[in-house]
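Visitor: Okay, these came from Swiss-Prot:
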| type | residues | note |
| --- | --- | --- |
| BINDING | G10, P11, T12, A13, S14, G15, K16, T17 | ATP binding site |
| BINDING | T12, A13, S14, G15, K16, T17 | substrate binding site |
| REGION | 35-38 | region 'Interaction with substrate tRNA' |
| SITE | T104 | site 'Interaction with substrate tRNA' |
Amino acid sequence: MMKNLVVILGPTASGKTRLAVRLARDLKSEIVSADSRQVYRGMDIGTGKDLDEYRIDGEEIPCHLIDIVDPDYDFNVFEYQSRFYRCFEEILSRGIVPILVGGTGLYLSAVLENYRMVQVPENLDLRESLKAEPLERLQQILLEITPRIHNTTDLLDRGRLLRAIEIAQHSGRRGLRESPEHPRIEPLVFGVRWNRDLLRKRIALRLKERLSAGLIDEVKELHQSGISWDRLEFFGLEYRYVGLYLQSRMSYREMAEKLTIHICRFAKRQETWFRRMERHGIEIIWIEGDDYEALKEQLKGNLRS
């Protein structure tokens, strides 16, 4: 069956965007981002948007789902999936096979594994009525509504318990906003992988480049614009540790060292997620390093024209 979507996934610093841009130029295609942080405006260096990479030989490659919301907006996987489906169908309607590129495993899985989701709003009245209840009582309430709990960690954390009760109480009611019927997706999925030592070196080099490019100033300006330090931590490792440095809670050297260590650990977690996707039936064709010719060879005869 001919494929109608090319996917290029990989851990941070693997060079997947550069490969995707080259491919988009050769196929006259367009890129759709699968990155949970690049949706935010004004967060460029820390999220690794590398917008210059979308220009190749003087040609600008169209890209979607980048810079679409402000940092104070709570973007989520439900909204990502909905927006992706709209992008996918619109691009495909013009006779173009889109290229999905990114490393946010949850977003990739939501699309490729066809997650069926229901968006449940917070119930402030319910939360107010339960705020004085002890943990044991909240556990009892949840188990009374849904005796079979799939995620037992919901029973151990107060915040997760309240959210689980909200969702359980809404289950089966009318008026819920459900994820849209998904279009038929026939993906050809490529994964970019590197030798572990080489990937560590790439991560360290890219962090050094980002710090030189003004990462610290970016975080400082975001905070001065009204984004709290706590909120900045939500956006990931770079914003968390640079924020700690700007608050004089660690030295520059300590910040750089901790960032390198934790970004490497994050890359390992990304690789673990990709293996999980394979176990769930997603076939991934692995490309060693940035071997563009190997990627092109695998594409032959597979794409919808």
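Every residue gets a Cβ built from N, Cα and C, even glycine.
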Visitor: Below 8 Å Cβ to Cβ and six or more residues apart, same chain only. Which residues does that give for G15 (ATP binding site)?
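Guide: Same-chain residues close to G15 (ATP binding site) (Cβ under 8 Å, separated by 6 or more) are V192, R202, G289, D290.
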Visitor: Are there residues at least 6 beyond the ends of the region 'Interaction with substrate tRNA' (35-38) whose Cβ is under 8 Å from a Cβ of it, and what are they?
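Guide: Distal contacts: 46-49, 65-67, 75, 80, 102-104, 106-107, 235-236.
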Visitor: Fill in the CA-CA distance, S14 (ATP binding site) to T104 (site 'Interaction with substrate tRNA'), as an integer in Å.
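Guide: About 13 Å separates the two Cα atoms.
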Visitor: So, in DSSP terms, is P11 (ATP binding site) helix, strand, or coil?
Guide: coil
Visitor: Tally of helix, strand and coil residues over the region 'Interaction with substrate tRNA' (35-38) according to DSSP?
Guide: 0 helix, 0 strand, 4 coil
Visitor: Other than T12, A13, S14, G15, K16, T17, which residues of the chain come within 8 Å of the substrate site, judged by Cβ distance to the Cβ centroid of those residues?
Guide: G10, P11, R18, G103, V192, R202
Visitor: Given the recorded positions T17, T104, which one has the fewest other C-beta atoms within 10 angstroms of its C-beta?
Guide: T104
